[in-house]
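If you check TrEMBL, you get these features:
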type    : residues             : note
DOMAIN  : 13-333               : domain 'Adenosine deaminase'
BINDING : H18, H20, H198, D279 : Zn(2+) binding site
SITE    : H224                 : site 'Important for catalytic activity'
BINDING : D280                 : substrate binding site
Amino acid sequence: MPSDLAEFVRGLPKAELHLHLEGTLEPELKFRLARRNGIELPEHTVEEVRQTYDFHDLTSFLQVYYPAMRVLQQAPDFHDLAYEYLRRAHAQGVRHVEMFFDPQAHTGRGVPFGTVIGGYRSAIVRARREFGISAELILCFLRDYSAEYAMATLLEALPYRDWIIGVGLDSDERGNPPSKFAAVFDRARREGFLLTMHCDIDQQNSVEHIRQALEDIGVDRLDHGTNIVEDDRLVELAESRGVAFTCCPVSNSFVTTQMKAAEITGLLERGLLVTVNSDDPAYFGAYAADNYLALAEHAGLTTDRLAELARNSFRASWITETRRDGYLAEIDAYVAGTARIDSVPG
Ligand code: HPA
Ligand code: ZN
């Protein structure tokens with residue numbers, strides 16, 4: 001019964017580990033911020049904005065994603081973006097979130113780094129107080145820009161290091177392998193940041209990029225990364241190191257032809273630390289619980305499997321062991337109080 005399953009999934013305590021703050025810009029907020037900043041938008045209704053969401057791959061998504069950000073100009077704009085997301089995440093049973101932000105998408109158009117991170121940080125503090133949700137920031141470098149610009153951004157971030165838990169790598173992967181940023185990630189690790197990195201779905205050289213991320217960079221997590229199923233040796237390496245995968249089924253169905261449910265559930269069955277996340281929920285129309293439900297309905301997952309995905313989200317998160325054990329106990333209590341509901345493959 002999908003509606004009961006929806007309720008189960010919404011109530012399931014979970015962490016979200018693959019979420020781009022700039023990907024949470026809903027059309028309504030975009031209009032509000034455009035008005036606030038005196039910006040004329042080409043679209044005039046929410047429907048017109050959604051009509052531009054005609055994605056068939058990562059590149060066509062990014063062509064819509066970056067121009068939309070120009071409505072973000074002052075610290076209160078960044079605050080409102082993060083606060084609205086945290087409110088929605090809380091309503092979907094998310095207890096803890098580690099959120100990507102793309103400072104270069106803002107500093108590159110003249111918005112100071114401090115304005116961006118100051119706005120985000122004040123929303124995190126407010127949401128913690130109002131909803132009890134905890135949140136951390138992961139600084140992502142844009143991989144289609146130079147390694148020198150990434151290094152300069154890392155240095156610009158150092159005064160704010162207490163507000164940033166880790167660094168990541170996103171944007172257009174074509175021709176921009178992990179190795180391009182080896183020195184930046186090495187410096188970031190030495191500065192005390194945890195490391196993650198996008199290895200997007202079905203890219204040119206996906207498997208080689210995953211190999212570089214695991215062997216040459218030594219990432220703690222991989223964002224997407226499900227093309228690893230093509231190489232058993234790398235699967236074994238990821239398993240032996242406890243490297244987590246932050247999968248985003250609904251996003252996958254927008255930037256490729258499928259959710260990649262077989263790859264995601266296959267890795268889960270092999271015992272890898274697979275998690276489910278929303279990526280850019282305003283653009284793909286699905287927040288965290290919606291992604292669990294979509295995968296469950298598509299792959300016929302039971303509540304046991306969904307609970308395992310939620311446990312993995314805390315195991316893969318960068319919280320303390322004490323907090324992690326607390327969340328795992330909450331999941332056990334939640335599952336014990338809920339009858340088993342089997343999903344119907346869709
Ligand atoms: N991949 C690469 N860059 C991105 C993504 C993604 O999933 N979302 C936002 N920027
Ligand atoms: Zn992403």
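Keep in mind that glycine also has a Cβ here, set from the backbone N, Cα and C atoms.
A quick note: this is a predicted structure, and the numbers were derived from the prediction, not measured.
Less than 6 Å separates the Cβ from ligand 1 in the case of D279, D280, drawn from the binding-site residues H18, D279, D280 in sequence order. Ligand 2 lies under 6 Å from the Cβ of D279, out of the recorded positions H224, D279, D280.
Other residues of the chain with a Cβ within 8 Å of the Cβ centroid of H18, H20, H198, D279, the Zn(2+) site, are L19, G23, F100, D170, D223, H224, T246, C248, S251, N277, D280. Cα separation, H20 (Zn(2+) binding site) to D280 (substrate binding site), rounded: 6 Å. In three-state terms derived from DSSP, the residue listed as 'substrate binding site' belongs to neither a helical nor a strand segment and is classed as coil. If you take the Cα of D279 (Zn(2+) binding site) and the Cα of H224 (site 'Important for catalytic activity'), they are about 9 angstrom apart, rounded to a whole number. The closest partner of D280 (substrate binding site) among the recorded positions, by CA position, is H18; the full candidate set was H18, H198, H224. Other Cβ atoms within 10 Å of the Cβ of H18 (Zn(2+) binding site), summed over all protein chains shown, number 32. It is H224 that, of the recorded positions H20, H198, H224, has its Cβ surrounded by the most other Cβ atoms within 10 Å. Comparing H18 (Zn(2+) binding site) with H224 (site 'Important for catalytic activity'), their Cα atoms are 9 Å apart once rounded. In this structure the C-alpha atoms belonging to H224 (site 'Important for catalytic activity') and H198 (Zn(2+) binding site) are separated by 6 Å.
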